[in-house]
Amino acid sequence: MRVLLSNDDGVHAPGLKALADAFEGDEVWVVAPDREQSASSHAISLHRPLRLFEMAPRWYAVDGTPTDAVYMGLNHVLRGARPDVVVSGINHGPNLGNDVLYSGTVAAAMEGALLGVHALAVSLACSPPHVFDEAARFAVALARRVVATQPPAPLLLNVNVPRGPVRGYRFTRLGRRTYGNEVVEKTDPRGRKYYWIGGEGGPTNEDIPGSDCNCVLGEGLVAVTPLHLDSSHDAVLQGLRSWTVPGYEKEPAL
């Protein structure tokens with residue numbers, strides 16, 4: 001099995017190393033950001049050149065975002081030798097609920113799916129200290145299942161693994177997490193103001209049965225959540241079709 005690994009914690013992150021070690025015996029390629037890129041979402045570098053550094057055989061760093069790294073991996077490093085699966089992670093912390101909108105880990109996997117390759121985003125959903133062995137083993141087992149099944153369309157799975165031995169898993173939907181809206185204002189030694197967004201403390205998780213948040217944080221199970229590349233809101237679309245905008249002609253729905 002040919003595997004492309006990436007992440008958003010950077011090419012030297014221990015979660016990435018644990019994932020590469022767990023795929024021992026497979027053809028593993030690593031193309032990852034050269035530094036920490038957490039919460040970079042799906043940013044891509046279109047207005048500056050990228051640099052690619054070969055750190056070791058089949059192990060590359062890109063001075064860009066997680067999306068840049070996977071794009072470079074599929075369209076340059078592995079051009080003509082398409083991988084069977086892209087795996088992003090292991091993230092140092094959870095990517096649950098609306099975290100996926102901000103996550104560079106999820107974005108790296110999503111870029112793989114957008115480019116036609118089955119992809120997994122894998123996160124260790126706990127605070128430090130991080131021990132990645134169980135999450136890495138589960139990721140490998142799930143990746144093998146995906147490759148063996150070969151779904152007809154590129155599959156994108158968001159995986160969150162709790163701390164400790166894996167005692168079970170569940171296929172889930174996304175939950176909802178609420179973060180603080182505080183903006184903390186401070187002053188640097190030169191008298192200039194600077195700001196931290198989000199404030200202090202962790203998120204509040206809504207109690208939604210069947211959600212990834214409940215599964216991981218409430219029950220201690222691995223959550224595997226399929227994500228969809230089409231962000232259209234079909235239920236709202238049906239309602240909008242009855243609207244009229246004054247002064248403009250509405251064309252028939254297709």
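All positions are counted from 1 along the displayed chain.
Cβ coordinates come from backbone N, Cα and C, glycine included.
Annotation for Asp8 (divalent metal cation binding site): spatial neighbours Pro33, Glu36, Gln37, Ser38, Ala39, Ser40, Pro66, Ser88, Asn91, Ser103, Gly104, Thr105, Ala107, Ala108, criterion Cβ-Cβ under 8 Å with sequence separation of six or more. Residues or ranges marked as divalent metal cation binding site by Swiss-Prot: Asp8, Asp9, Ser38, Asn91.
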Checklist outcome for this item: The most crowded of the binding-site residues Ser38, Asn91, judged by neighbouring Cβ atoms within 10 Å of its own Cβ, is Asn91
Next on the checklist: Neighbours of the divalent metal cation site Asp8, Asp9, Ser38, Asn91: Cβ within 8 Å of the Cβ centroid, same chain, sequence order.
Outcome noted: Asn7, Gly10, Ala13, Gly15, Glu36, Gln37, Pro66, Gly89, His92, Gly93, Ser103, Gly104, Thr105
